[in-house]
Each structure stands twice: as C-alpha cells, then as structure tokens.
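What follows is a set of notes on a single structure, which appears directly below.
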Amino acid sequence: MKMQTLNFTSSLLFLSFIFLSCALLISSQQSPSQPHSEPPSQLPFEPPVESPFFPPSQPPIFVPPSQPPSLPPSQSQSPSLACKSTPYPKLCRTILNAVKSSPSDPYRYGKFTIKQCLKQASRLSKVITSYARRVESKPGSATAEEIGAVADCGELSELSVNYLETVTTELKTAQVMTAALVEHVNSLLSGVVTNQQTCLDGLVEAKSGFAAAIGSPMGNLTRLYSISLGLVSHALNRNLKRFKASKGKILGGGNSTYREPLETLIKGLRKTCDNDKDCRKTSRNLGELGETSGGSILVSKAVIVGPFKSDNFTTITDAIAAAPNNTRPEDGYFVIYAREGVYEEYIVVPINKKNLMLMGDGINKTIITGNHNVVDGWTTYNCSSFAVVGERFMAVDVTFRNTAGPEKHQAVALRNNAEGSSFYRCSFEGYQDTLYVHSLRQFYRECDIYGTVDFIFGNAAAIFQNCNIYARKPMAKQKNAITAHGRLDPNQNTGISIINCTIKAAPDLAAEPKSAMTFLGRPWKPYSRTVFMQSYISDIVQPVGWLEWNGTIGLDTIYYGEYSNFGPGANTNQRVQWLGYNLLNLAEAMNFTVYNFTMGDTWLPQTDIPFYGGLLSKE
C-alpha cells in the first residue's frame, strides 16, 4: 500500500540548516575503505603470559587498580595521518582542516569531533521529535508502520545524545585513562553509530517519506559519528600503551546497602517470601539470611512482585517505576523478585533505571510474554516483549518469550541495548529475531535461546558462555541462521562470541531434521563479526557452516571465526571459502574472551554471576 506523506517543508528547512551549518560534513560522499579481513587489533591488555586459560569455574583474581600517571599529550599528528584510522579519510581531513586552530594532538582531534557530533545529534533529535509530534497530531497522515519507525528514531536519537554527553563528561573529568574507561567510551560511540543505522533501517522498511527527507543529513551525520569513533578509539588506545591497564575491583557500599553472595540472596528471598508470607522485611534483614563467602553482590533494596497482599507490586512495570533513578554502581542493585507466574506485560527498563536486578523463580516458572511482531504493524526495534536500556541491568532465572509464531516473521522476545548488562540462567523463546542484542556490552551465562531465522542478532559486543542454543523448525522454504551480526564500522568494538555452548535442534526440528537447513550465521552488515569457540555443534548445522546475506556483499570484510569446536557439525573441511572466514589460532581466539573482548572482568564481578575470563583449559 502506498503511504500518504506529510508536508515536509518545515522539517526540510531545519534539516537544510543542519546540512549547511555543518560545513565539516559537506564533502564528497566517499565510500568506506575496504580493508582486508584481519583479526581484531590487539585489545587493551593481553592474557597473562604464564597461562592463556582461566579455570572454567573461577573468575580472575581482582586486585585494587594501580594508579597510572596522567596522560601527557600525544605526539603531534597531521590531519592526514590521524584520519587514516577512520573509514572516511578524505571527509575526515576536510573536517579537521576546516578548523583554523586545528588541534594537532590525536586525542584532541577526537574530542573536537565528539563536540561536533553532540551538537549535530542534538539538532537532529529536535527535528525528529518535532516531526513525530506532527505525525501523531494528524491522524491518517501516516501509516502505523511509519509512525512506529519515526518514534523509534526519536528514542534512538535521544539515546545517542545521552551517550555523547556521557562521553564528553567522562573524557573531560578523567584524571587517568584506564582501560575500563577507554572500552566504555568506545562502546558508547559504537552505540551511537548503531542507533543511527537502526533509525535509517526502520524508516526504509516502513517506506516512510520522512526517510527521503532526512536521509542525506543523517547519512552525513553517520559519517561524522564514524570518523569520531575512529579518531577517539585510535587516540585512546595509543595513549593506553603508556601504562599497564588496571583490573576491576569490588566496590563498597554505603550504610543503606549490604553485600551477600548472589545464590544466598536468591535462596533467601525465595525462602523468606514463600507463598503468601510477609516479605516486608528490611534490606538489612534480607542481607542477614546467609553467610558471605567468596564473591558477593551489593544490594540497596529488594521488592516483590506477585499476587499476594504482602507483595509490594502486582506488575514488573510498576516495580521498575519505583526504582531510584540514575544510581551508581556503588549504590547497589535494586532487586525485583518476580514470583512464579506468567506476566503478560510489555516491559521497558529505561535509560534512567540503572543497577536493576530482575530475579525470577526459574526458567518456565517466571515468564514474561508478548506477541508483538512486524506483520501486525510493529517495528523490529519496538516489538519486543521485554526491552532494557538502563546500564548494568541483570536478570536471573527468568523466561522471556514472544508467542507470535514463525508466520509473523520478526517477533523479538528481548531487546537489549544496555551497557554492562548480564543474564544468568534465563531463557529466550521465539522464532525469527528472538534475541535482539542491539548494542553495547552484554553477557549471557547458562541461558537457553530458541529460534529460527537470525535469532541472535544485532550489533552488540555480546558474549555467550555455557548456553544452549536451539534451532527450531521454521516456515517452509526458510533457512535457519543462528546469528546475524550487524557491525557497520571496522572501528566498532562489537561482535558475537559464543564460548562453550551447545548448538542443537529444538524438539520440533529434531523430529524433522531435514525440513530446514541451519547455519551458524549470516552477515547482516558489511563488518559482521561472530565467532564460535570450544562449543558443541550438532549435525543440525550444514557442513558449509555459514550463509551469505545478499550474494557476495560483505564476504571479504566480515570476520567469522571458529576455534576448537567439537561434535558432528564442527568439522571445518567443507566450510565456506570466504576471505572473511577464519580458522582461529589460540592468540586470535583470546581476542574474543571476556577478558579481552568486553573487559568483563572490570564489571562482571559486581554481579557475582560466574564467568571465566579466558578460554576453557584443555586439561
């Protein structure tokens, strides 16, 4: 159906102002350079020389961070030299040369472009918000799909402004440049690039007239984001080599918080709040239910969601709304214990709700479910049963489900664009696009993931450890792809790393194994990056292993890898012969561990979720 479009005059005038006022963006539209497919450059710190492995059940030992010296200015660089680290060197030189007092320090180049990014992102966000309001105020002027896509763009543009403000503040106030800070900055800048592309993809899919009006300015702004990412990432990592990186530490808490092992917290809450018993105990009482031994989690408060009079809330949404805003890691987790039951509510953890822990009674006991999908007019970005944006979110013993079915195509169970988020003993159930690992750094441990087409997809830096990945039976003539990573830029620190997992057929596909072909993944975007390491791969996976997305597009620039997998589907003799496909050696594989890929050893200890920083010992 052909869409009706609004009069774009006012929006175009404002967009033209952006386009003209941003002289640094007016340049020839240069395509990204096409580098050879190579292993990722060395990350902030290498695994210990004496042993490349950590024991499977033990995280690294954490010590108080050393205090590196403040960073002296880097050696001067010309714009031409600095811009070699970006995908758009010609446009980059135009940007830096446009400033009369052009800074010569690479770090200042990056900070200058971030300032420009924030200025233009704020303007673009206002344009999108204004247009969204006009669409909503004129019923019938746009389709439901277009309204949804524009709303997504508004949300994503606001997130990008927030990320850029955070980066600006952190770079301005940092006394020392730790490895953890560098990785956090890189993650947020990578997220900005991803947000922009998600907006554009959604507008195009909705056949929105607004896409044509906003496409050129957004394209230029995307290039600016990409240039800033390249400059900042390169400059910070150069400076980082001046001292040894510090490891993470366990943060202390204030008088209103307490520490206890995660398992003790879980058992204590379930025991104390059994059935309809009074759960209105103080945080201190809950904290004294068990003895602390080894790791622990810092808790500020615990609330209960359930049907009993003694429970604090009847919906998870209300419990989230009651959580404090913008808390810090040292403030502790706000714990939401959702009793066994089916929660038919569409839940969003917004960006201001940080340090939330959602705890259930176990897989298939505490269930969050919905059925929104693309066929019924929802966008892929906004059709999830559960969405999380707030930093440091963690979930334990919960099932996230989308019941739309394969005939409804994209139907997301959980969308995650939360920095430093983690999921432990959770289940994600759907068909196409089950788990949307949208952006930023994520960790999944001992989880079950069910789906058909692209059922782990997005552009996060996501690590899966000890998970079960089940391919379901798709619709006729469909092919299963376990992963579809969306890395857009060679400087993004994103990818999917699957370690010590089990890949096999779900019961419906196991009953008819020849009804559909299953592949490890396909490249959603040109720099897609995915590795399978030390995992069991059943014979459900085709001998070629991987599937192209659109002909040969991206096959030379992606980075797909396998390392030390086993099982009947792990034989690599007949694997694809793409330039971007790699059989990894140990050194290359170590780049995709918790220790190196997401620097999880600097933030996962706060969750007390078990993890290993390296690879499994071969002993």
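Cβ coordinates are placed from backbone N, Cα and C, and glycine is handled just like the others.
Feature annotation from Swiss-Prot assigns active site, nucleophile to Asp454. Look at Swiss-Prot and you will find Thr380, Gln410, Arg522, Trp524 tagged as substrate binding site. Residues annotated as N-linked glycosylation site in Swiss-Prot, with sequence analysis given as evidence: Asn220, Asn255, Asn312, Asn325, Asn364, Asn382, Asn500, Asn550, Asn591, Asn596. If you look up Swiss-Prot, you'll see 73-231 marked as region 'Pectinesterase inhibitor 25'. According to Swiss-Prot, the signal peptide annotation covers 1-23.
Features per Swiss-Prot, on structure.
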residue	record	Cβ contacts under 8 Å, 6 or more apart
Asn325	N-linked glycosylation site	Asn352, Lys353
Asn382	N-linked glycosylation site	Gly148, Ala151, Asp152, His372
Gln410	substrate binding site	Asn373, Val374, Thr380, Cys383, Gln432, Asp433
Asp454	active site, nucleophile	Gln432, Asp433, Ala481, Thr483, Ala484, Arg522, Trp524
Asn550	N-linked glycosylation site	none
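With a 10 A radius on its CB, Asn596 (N-linked glycosylation site) counts 22 other CB atoms from all the protein chains. Residues Thr380, Gln410, Arg522, Trp524 are the ones the record ties to substrate, and the longest Cα gap between any two of them is 18 Å. According to its DSSP assignment, the residue listed as 'active site, nucleophile' is in a strand. Summary for the glycosylation sites Asn220, Asn312: the Cβ-based neighbour count within 10 Å is maximal at Asn220. Distance between Cα atoms for Asn596 (N-linked glycosylation site) and Asn220 (N-linked glycosylation site): 32 Å, as a whole number. Cβ neighbour count for Trp524 (substrate binding site) (all protein chains, 10 Å cutoff from its Cβ): 22. Note: the Cα of Asn312 (N-linked glycosylation site) and the Cα of Asn220 (N-linked glycosylation site) are spaced 49 Å from each other.
Of all the Cβ atoms in the protein chains shown, 13 others lie within 10 Å of the Cβ of Asn364 (N-linked glycosylation site). Burial estimate for the recorded positions (Thr380, Asn591): highest at Thr380, by number of other CB atoms within 10 Å. If you compare Cα positions, Asn500 (N-linked glycosylation site) sits closest to Asn591 out of the glycosylation sites Asn220, Asn364, Asn591. Here the CA atom of Asn364 (N-linked glycosylation site) lies 46 Å from the CA atom of Asn220 (N-linked glycosylation site).
Rounded to a whole value, the Cα-Cα separation of Asn364 (N-linked glycosylation site) and Asn591 (N-linked glycosylation site) is 35 Å. Under the three-state DSSP scheme, Asn220 (N-linked glycosylation site) falls in the helix class.
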